[in-house]
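S.K.: Taken from TrEMBL, the feature domain 'Kazal-like' covers 216-264. Positions annotated as region 'Disordered' by TrEMBL: 42-66. TrEMBL lists 12-34, 101-121, 141-161, 173-192, 287-313, 325-348, 376-399 with the feature transmembrane segment.
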Amino acid sequence: KLDITPDDPRWIGAWWGGFLLCGALLFFSSLPMFGFPQSLPPRPDHAGESEQAMLPERDYERPKPSNGVLRHALDGESSTTCFQQLRVIPKVTKHLLSNPVFTCIILAACMEIAVVAGFAAFLGKYLEQQFNLTTSSANQLLGMTAIPCACLGIFLGGLLVKKLSLSALGAIRMAMLVNLVSTACYVSFLFLGCDTGPVAGVTVPYGNNSAATSSLDPYSPCNNNCECQTDSFTPVCGADGVTYLSACFAGCSSTNLSGCSCLTSVPAENATVVPGKCPSPGCEEAFLTFLCVMCVCSMIGAMAQTPSVIILIRTVSPELKSYALGVLFLLLRLLGFIPPPLIFGAGIDSTCLFWSTFCGEQGACALYDNVVYRYLYVSIAIALKSFAFILYTTTWQCLRKNYKRYIKNHEGGLSTSEFFASTLTLDNLGRDSVPQNQSHRTKFIYNLEDHEWCENMESVL
């Protein structure tokens, strides 16, 4: 029987309960999917035909007309093997990534997800170290505040895009604004935290705060006979206001945490310790402010997801939408979910002040420098958000300079009046007071792809 409570740093709890609950919810939510047919029946109206007519014709969709006569494809030509389909993947991927708007939006989405994957992954640990919270309390607070706010932000982002009827330029402006506001929230985190405080043998010497820091050592003559171990970190707060790595390192000789020989600055009868770190002044107020700012930051930061997807869909051809989304999710997992936790973890480990040891080998970090931890941890997130803003700005510049080149089908296409100027006739040609530099009032545009060479110029005319 272990005489510890959830307030003890060694308490782990039922960490597997969340996985069982999420797995059960996923299983039962998937059951209704079996009620759907293998393929949806075709609609009886002609909406599909009109929609198909709007799609750009490709070699793999229908044969090109030659001399005004539509050639019917043979049965052998319409069927493609799996190998032939795989050969197209590199070409289509190169075609998508050569689009600067598509590439910048995907990289910006990766940076946004990287902040979530890296910052949120260690946020529970961050709250424990900065605000002296227990593991269970930190995770419960995150689950009740940050996650619901992020879900609300995704909903509000989609609602704003729909209500405001944002174009691609409007969506990218919204993403830039949201990114700036959320980055400002992250900057405020640099000033919301608690110091490490005095820790005997780690940040301050035993019994003498004015000694040189080079003489710091957890082992002291006052605890040499205690045979203290560094395989676990069970901090205690002494009556002198100094935190000790454990009651053993404080030189306590009894199980009631009294008679601690290392507390030399207080009378012997008052040489007692209590479990936990010594509280820092103003830490509770800083935590409440941090929690409020975190809720706002989660909600606002999540509002950029819907505009990003909208721009991504509008910048590719209709027949490539599904593949473009596949490329998006692939890069999100490769760039947004794998490297960031490693980068954040390496940065956090570099701020460690005291490592636990197991049989002479280095174990987990027992104590961090809270100030350096906070600055480095938040600065990595700010750097990722800033890089995302640069990518958003690049996308905005590309769309602003050449909107119709990058936006496909949904908006910004050439209208009938742009193809043929209705006010221009052969009779008044040359008689209008139109500047000479506007000689391209009547346009005839024919997009000739590499694989769409016309067999006869008459078909073009």
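Numbers here mean position along the shown chain, with the first residue as 1.
Placement of Cβ uses the backbone N, Cα and C atoms for every residue, glycine included.
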S.K.: Could you tell me the mean pLDDT over the domain 'Kazal-like' (216-264), as a whole number?
M.R.: 77
S.K.: Please count the residues of the domain 'Kazal-like' (216-264) that DSSP assigns to helix (H, G, I), strand (E, B) and coil.
M.R.: 6 helix, 7 strand, 36 coil
S.K.: Please check if the transmembrane segment (141-161) comes into contact with the transmembrane segment (325-348), where contact means 3 or more CB pairs closer than 8 Å and the residues in each pair are separated by 6 or more positions.
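M.R.: Stretch pair does not touch.
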S.K.: For the transmembrane segment (173-192), find every same-chain residue at least 6 residues outside the stretch whose CB is under 8 Å from a CB in it, and list them.
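M.R.: Residues 108, 112, 157, 160-161, 166, 286, 289-290, 293-294, 296-297, 300-301, 303-304, 307-308, 311, 374-375, 378-379, 381-382, 385-386, 388-389, 392-393, 396 contact the transmembrane segment (173-192) from elsewhere in the chain.
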